[in-house]
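Since the structure comes first, as structure tokens, the remarks are kept for the end.
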Amino acid sequence: MVADVLLTHFNQLFCLNDPGHPLTGQEMKKATIVEDGYIAIKDGLIVALGSGEPDAELVGPQTIMRSYKGKIATPGIIDCHTHLVYGGSREHEFAKKLAGVPYLDILAQGGGILSTVRATRSASFDNLYQKSKRLLDYMLLHGVTTVEAKSGYGLDWETEKRQLDVVAALEKDHPIDLVSTFMAAHAIPEEYKGNPKAYLDVIIKDMLPVVKEKNLAEFCDIFCEKNVFTADESRYLLSKAKEMGFKLRIHADEIASIGGVDVAAELSAVSAEHLMMITNDGIAKLIGAGVIGNLLPATTFSLMEDTYAPARKMIDAGMAITLSTDSNPGSCPTANMQFVMQLGCFMLRLTPIEVLNAVTINAAYSVNRQERVGSLTVGKEADIAIFDAPNIDYLFYFFATNLIHQVYKKGQLTVDRGRIL
């Protein structure tokens, strides 16, 4: 087979044999590091991988040849938890955070999520589209090729749908692949204050059926937390969503452990997100149910909290984990997955291989894209992040710098030395 594109002489390729399930426990520590590696691409797919000189049959008169001495390649990075589409910003809350005002107190004062809800409700489709596109551009320039994007800053049907429509439009227009999550249950809107059950009924009866009918989202999510939605309320919504055919995610155990992990396990959610306050019993329940733990260390960093999710304990117990940005305007205003990956080492005490497995193959399982992306594997899409680094460890050792040299998306050179092509 003659390749369309042949990428050769990488210092290292980060490869693995996808076992057919999210990596857990000791599997997280394993990868195949191919020295002097090459990748052959045809019709947007990886058709060959190896070390040294490529087979002669891969090279034809039209084959594009590029050499990458001194560089490494990983699968395209996957950010599987973002709040991508929103209006406004919340830098005016930063001084309160520095003064130690708790997040839930800011929310109770009309700030936090509800502040962004007001800004998002007043924002036009075009405003939201352009703002979200800029974030996606930034992500792409840092090596991200697939992004999960939640609604949740409307808390009414008109605005929630506008957010989902923006995601759908960007999925068509932008190189990054987007996976849509419906999260109208991100907070209790002011018009339903004191009556969350009534709001959930509106979501179940009036919103979810239309989202499903129009295929606007693949996942449904809820914020199960003190002063937001209880475990029973979360179970009520997610069970109805599951009956309608949605895959499930849940924000759980971020500030307090109030039963969200139990709901995730009972309903076999694909992932439980945050988990800073998870207990040993909660870890065991998620392992038993096969729920992926989606950890968001940049949120803990941004909130200036001391308690990070117990990633080391989770992996050692046999749990599958991912890492994501939680990109949002309040608790985590970043879109930099390289920073998150470095926090995975510095603050969660994970090894570089564990972090890379978390943000590639496990993240692909978290967004139900494991058949297409998440590993440098023959037959998968050629989503490739190429770093200006001599080896895998250097990605984490030399921190706080964008080390991306190039990005390939579906076999097309999409980013080249700081420019989107």
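For all residues, glycine too, the Cβ spot is worked out from N, Cα and C.
Record check: Swiss-Prot places His81, His83, Asp326 at the Fe(3+) site, and the matching candidate among His9, His21, His251 is His251. Cross-referencing Ser331, Ser366, Ser375 against the 4-imidazolone-5-propanoate binding annotation in Swiss-Prot, which names Arg90, Tyr153, His186, Glu254, picks out Ser331. Other than Tyr153, Asn328, Gly330, the residues of this chain whose Cβ falls within 8 Å of the Cβ centroid of the N-formimidoyl-L-glutamate site are, in sequence order, His83, Tyr86, Arg90, Gly112, Ile113, Thr116, Gly152, Pro329, Ser331. If you draw a 10 Å sphere around the CB of His251 (Fe(3+) binding site), it holds 29 other CB atoms from the protein chains shown. Distance noted between the C-alpha atoms of His81 (Fe(3+) binding site) and Tyr153 (4-imidazolone-5-propanoate binding site) is 15 Å.
Neighbours of Arg90 (4-imidazolone-5-propanoate binding site) among the binding-site residues His83, His251, Asp326, Gly330, defined as a Cα within 10 Å of its Cα, are Gly330. Local packing around the binding-site residues His81, His83, Arg90 was summarised as the count of other Cβ atoms within 10 Å of each Cβ; on this measure the leading residue is His81. The binding-site residues close to Tyr153 (4-imidazolone-5-propanoate binding site), defined as a CA atom within 10 A of its CA, are His83 out of His83, His251, Gly330. The CA atom of Ser331 (4-imidazolone-5-propanoate binding site) is located 11 Å away from the CA atom of His83 (Fe(3+) binding site).
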